[in-house]
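As recorded in Swiss-Prot:
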type: DISULFID; residues: 123-173; note: disulfide bond
type: DISULFID; residues: 217-269; note: disulfide bond
type: DISULFID; residues: 322-369; note: disulfide bond
type: DISULFID; residues: 411-458; note: disulfide bond
type: DISULFID; residues: 503-551; note: disulfide bond
type: DISULFID; residues: 593-650; note: disulfide bond
type: DOMAIN; residues: 99-190; note: domain 'Ig-like C2-type 1'
type: DOMAIN; residues: 196-282; note: domain 'Ig-like C2-type 2'
type: DOMAIN; residues: 390-474; note: domain 'Ig-like C2-type 4'
type: DOMAIN; residues: 480-567; note: domain 'Ig-like C2-type 5'
type: REGION; residues: 959-982; note: region 'Disordered'
């Protein structure tokens, strides 16, 4: 465990260093870039799926299952035969099983210039016994003792100071325990490096202007892939690729299709390793122009093209290059012969590179690139072939077989090219033998024996990869045993009954079965037979069949026997009464079940209703089972319900047989709900309904009732019908006296002599047809309004009685004593008032008014005629004798006399007020209602002059304002609190004294003082007023009193003094000079002080 922990810590640290180095682009690569582990599942290149076995808590989130010991041949026995259950096998570490891969080694690319000098190839398996590990390189086992650089920690193979010459190659992990061995996928160890360019000076390349040129990179030795770029003159001025210049990532060369004077200079090839990020620069290659003239135009010459055959793995990205020299600069185009270039393809580098991401099988085909200019064209064709790694379609399952049985295993994989198959046994290639055949992924072994047990692997491979599937073969070989299939020692049956005595011994090979009765072998006949599974069957058992029966199982490894006694009894008979009974809901009944049986057998009674057992505890006390005698039982059914109707069963069970009988119980009750209610026809006040009959519950239906519900009704209401009485044989009727244009639901209720049943399901909601309104408004009256207005009010008609759309009101009125009516339309159905204004109408003129209704169907009735008066005028006189009196610092009393004569009766008065420095139009107002003749204005500012006016108002408006009056609020009360409080308690009273309060210039004069006192815990204080600087406060009740003093003036009460707490005490004398208890605030010592004050002391 310690070594495993160290390895995990080592790998974690190196991974952290890796991520850190990647975040610092300017630094050389550390171990972070050294190991590039290629993720690959076992279904991809070299992948191998581990066999599902069972879930191990030590493996974290590893998902696996128990062994699938599925039989693949004849005479298969379930794994339960060996392990009792698969769950038990998971937990039982005493069961041996072969190795199962948890982790297989991954491909590694190791940088040769790494500071970290170790390579770790991981391998982890589980099995029982715990497997051991060996490693192979290029198919040969590695001797760990042969090189000090090798070490093995658990299954992880570690190479210190790895060397490309010694250590590169293909590695496999071989895991072995006593069950067998399995071989892992091949993991490739590759070394990443980048050599230096040769230091030789490169010759200058001299061309004519307009000529094409190729500058060779000639990269140094490297592994794996490298990326090419070119520097022009000096770093970091890189050559920009365009339609004229191209850098091939296949050759590394720089191609210039048409040289210009601006191209003259020095060129340096820069290569970068894709793993280590190391970079090296080539010696410069000078490019010069010849002085023998400009190159003439010529047709394209393709210098860079993709191979004749391009191979790519499915799902990867394919890049095909094509670039040409020429003058003028050629244009590159692409096409797919006999097809279309995939829509996902992209053209890069001025169309010199065709890139196909996520390549699929249907992307394969012949591709052509074409270079063309004004002088001609040239083209190249090559074929793209897409291959796929092998992928499992069907894998192996662990299997157990009896010795001598045939084995057939088949594994199937897909891939392109089509995979071929090889088989391994315990990590070693399996060869055909006399009993062993291998054909196209099928392994067959005839007559398996113990030597065939072990671990098998199917290897599917094509030229691009290989995958492994593993399975364990167990060969069973054991003597017969009845340990898991014991027989009953005594089998009891009744006469003429069929008997099957089982005999199922466990053993491998499968045991042969023989039977004896007593000491004589059982002879088969028409009535007695040995079944294929070894059981003994006896038809029409009789007393002569009684006795001891012996079953014997035997194979090459031994034999075993088991004995059972057969006893034949008389058959049981049963009688259930009464057989058929009719009851009414609420009645009770007793069913009696009597059994005639063999006296040696005990009987048990079971009751059922409609084939289901009766639950006596859950049936609400309706059922009770009564067992008065050993051979009979009663079922009491109390207060029977409709749901209790049906067939009741009584079953009698003995150890030998089981018999049953049934009785039918019919229950009469109120009818069931009628069927679906359908509205056949609808008018403005009727609805014709039909329904399917209700179940009569064994009592004929006498009548039906129709019920309706609308948004305006209180629940369901019985409606009038035609015919008035709906007899039980009817299935339709008409509901009448419905309101027009109202949505209704209907339901039907059935009644029989026993009672009324449940209602039917409501019908769909339906609206009656429209009709002319029939209901006139009520409570027509007048309302107060403004001068020259006639206000007519009424109670709106409910939507239930509007009878259709477009509902409104017709308001008719005329001066009292005249003949012609004036009518006005009010279109709102919710309106309750109409105002008619006429400047010629004097106040309080009587009018006759009536209000009618209408809708889209026509006009309805008018209400009764009532007489109302037009609005009175607004008050015409102003209040008189208005006075304003200051009450306090924030209050002023404004009073006035009522108006004696006015054209309009006042409903109240409005008082307007504003400060002396403000305008009247900014005045605030306060309204009174009724006959009040004064108001106290509050919330005013102290020592401030205010102006006031008063005017009357009613529904017609406001009257003229009164004359303006003024008043000044009183000064603020003193802000200084009484100080230097002195007190003396004697008995049940306290004498207080304090210093006088001197008001400030803007404060009102002190009139006197108020002493507030209350018992602690009470909210209401009592007050003593005095003009003196002392007062006597009574303390009538026991307890602590809280006292404070305030000065008061015409401006109100001033600031309170600090509170004092005084206990009521009948003896002794306490003064403020002798007490430290001056304030209401308490501390942890307050209780102690209070107790001290309650102790008499003559020294006080």
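Positions of Cβ are set from backbone N, Cα and C atoms, glycine also.
Looking at which of 99-190, 196-282, 390-474 has the most CB pairs under 8 Å to the domain 'Ig-like C2-type 5' (480-567), the answer is the stretch 390-474. Note on the domain 'Ig-like C2-type 4' (390-474): mean pLDDT across this stretch is 93. Secondary structure at residue 411 (disulfide bond), taken from DSSP and collapsed to helix, strand or coil, is coil.
Taking pairs at least six residues apart, the domain 'Ig-like C2-type 2' (196-282) and the domain 'Ig-like C2-type 1' (99-190) share three or more Cβ pairs below 8 Å and count as touching. Helix, strand and coil residue tallies for the domain 'Ig-like C2-type 2' (196-282), in that order: 3 helix, 36 strand, 48 coil [DSSP]. When Cα-Cα distances from residue 411 (disulfide bond) are compared across the disulfide-bonded residues 217, 369, 503, the shortest belongs to 503. Rounded to the nearest whole angstrom, the C-alpha distance between residue 269 (disulfide bond) and residue 322 (disulfide bond) is 20. Taking the Cβ of residue 369 (disulfide bond) as centre and 10 Å as the limit, one finds 26 other Cβ atoms among all the protein chains shown. Around the Cβ of residue 458 (disulfide bond), a 10 Å sphere holds 27 further Cβ atoms from the protein chains shown.
Here the CA atom of residue 503 (disulfide bond) lies 38 Å from the CA atom of residue 593 (disulfide bond). With residue 458 (disulfide bond) as the anchor, the candidate disulfide-bonded residues are 123, 322, 551, and the one with the nearest CA is 123. Around the Cβ of residue 322 (disulfide bond), the same chain contributes 302, 304, 305, 306, 332, 334, 352, 353, 354, 369, 371, 380, each under 8 angstroms and 6 or more positions distant in sequence.
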